[in-house]
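Pulled the feature table from TrEMBL, pasting it below:
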ACT_SITE  D74  active site, proton acceptor
BINDING   T12, K13, N14, K15, G16, K17, S75, F165, G166, Y167, D168, K188, H193, R194  substrate binding site
BINDING   D74  Mg(2+) binding site
Amino acid sequence: METGGGVLIVATKNKGKVREFQHAFAPLGLTVKSMFDYPELPDVAEDGTTFAENALKKSKAVGDALGLPVLADDSGLCVDALDGKPGVYSARYAGEGAGDEENNLKLLNELEKLKQGEDTGQPLLSTARFVCALSLYDPVTGKELTAEGTVEGWITSEQAGAGGFGYDPLFYLAEYEKTMAELTLEEKQAISHRGKALLLLTGKLAAQQNQQSQ
Ligand SMILES: O=P(O)(O)OP(=O)(O)OP(=O)(O)OC[C@H]1O[C@@H](n2cnc3c(O)ncnc32)[C@H](O)[C@@H]1O
Ligand SMILES: [Mg+2]
């Protein structure tokens with residue numbers, strides 16, 4: 001699958017994701033274009049029940065519209081004490097159009113409710129994981145390459161850090177004694193759900209290109 005002309009189109013309107021993809025693909029000589037470069041394209045309904053399903057919906061809708069290969073990312077936070085919520089609803093946990101801050105507060109409120117009045121004074125509220133599903137779709141062949149990555153951590157009641165985006169200030173990594181938002185872009189990419197999924201995807205892409213050139 002050719003990604004074409006040194007440009008990779010990513011079907012996202014999330015500025016945090018765009019920053020991370022730009023950082024990841026720059027060493028490969030690829031410039032990232034996002035949905036901010038194609039304002040005429042309609043939003044894709046993310047009504048699938050899995051991250052993988054939503055990722056394919058986004059890559060296929062944009063890939064078919066542009067006639068070019070497109071990468072999409074559907075990701076989210078799964079919190080064990082909330083039976084895996086917000087999951088595929090992570091972007092709109094506090095309601096349609098909610099921002100990161102509102103979603104973070106909603107998450108803390110939901111976890112506080114579970115304490116049922118008793119204050120343990122514990123900043124770590126639940127185990128959780130970030131999940132990222134990537135889909136690279138080529139409208140010419142109709143083929144899709146997929147990859148998924150996860151990272152385990154804790155939800156902390158004490159937000160910290162100004163890096164990253166979304167739930168990063170609440171996602172505590174015990175081995176670093178930091179939240180995801182306190183990591184640099186490089187550090188986050190080395191351990192994150194997105195970084196791991198990207199590594200798998202680029203590996204699959206290289207293997208496919210090797211096969212084709214044989
Ligand atoms: O669909 P696009 O346009 O790509 O952008 P989005 O923000 O709506 O993205 P998703 O539908 O995949 O929703 C994922 C949400 O999960 C959260 N999330 C995903 N990856 C994250 C990360 O690396 N750090 C913190 N939060 C993350 C964040 O709140 C996102 O809005
Ligand atoms: Mg979305």
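Glycine is treated like the rest: Cβ placed from N, Cα and C.
No curator has checked TrEMBL annotations; they are predicted automatically.
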Could you tell me the C-alpha distance between N14 (substrate binding site) and the residue listed as 'active site, proton acceptor' in angstrom, no decimals?
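Answer for this pair: 11 Å between alpha carbons.
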Please give the substrate site's span as the largest CA-CA distance among T12, K13, N14, K15, G16, K17, S75, F165, G166, Y167, D168, K188, H193, R194, to the nearest whole angstrom.
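Farthest Cα pair among residues binding substrate: 20 Å.
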Per DSSP, to which secondary structure element type does S75 (substrate binding site) belong, with helix, strand and coil as the options?
strand
Specify the count of other C-beta atoms within 10 Å of the C-beta of N14 (substrate binding site).
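N14 (substrate binding site): 17 neighbouring Cβ atoms within 10 Å.
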Using all protein chains shown, find which of the recorded positions D74, D168 scores highest when you count other CB atoms within 10 A of its CB.
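Max Cβ neighbours within 10 Å, all protein chains included: D74.
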By a simple count, how many Cβ atoms lie within 10 Å of the Cβ of G16 (substrate binding site), its own Cβ left out?
15
I'm trying to understand the geometry here, so how far is the Cα atom of the residue listed as 'active site, proton acceptor' from the Cα atom of G166 (substrate binding site), in Å to the nearest whole number?
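So the alpha carbons of the residue listed as 'active site, proton acceptor' and G166 (substrate binding site) sit roughly 13 Å from each other.
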Once near-sequence residues are set aside, which residues in the chain of S75 (substrate binding site), 6 or more away, have Cβ atoms under 8 Å from its Cβ?
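Spatial neighbours, sequence-distant, of S75 (substrate binding site): K17, F51, S90, F130, V131, C132, A133, H193, R194.
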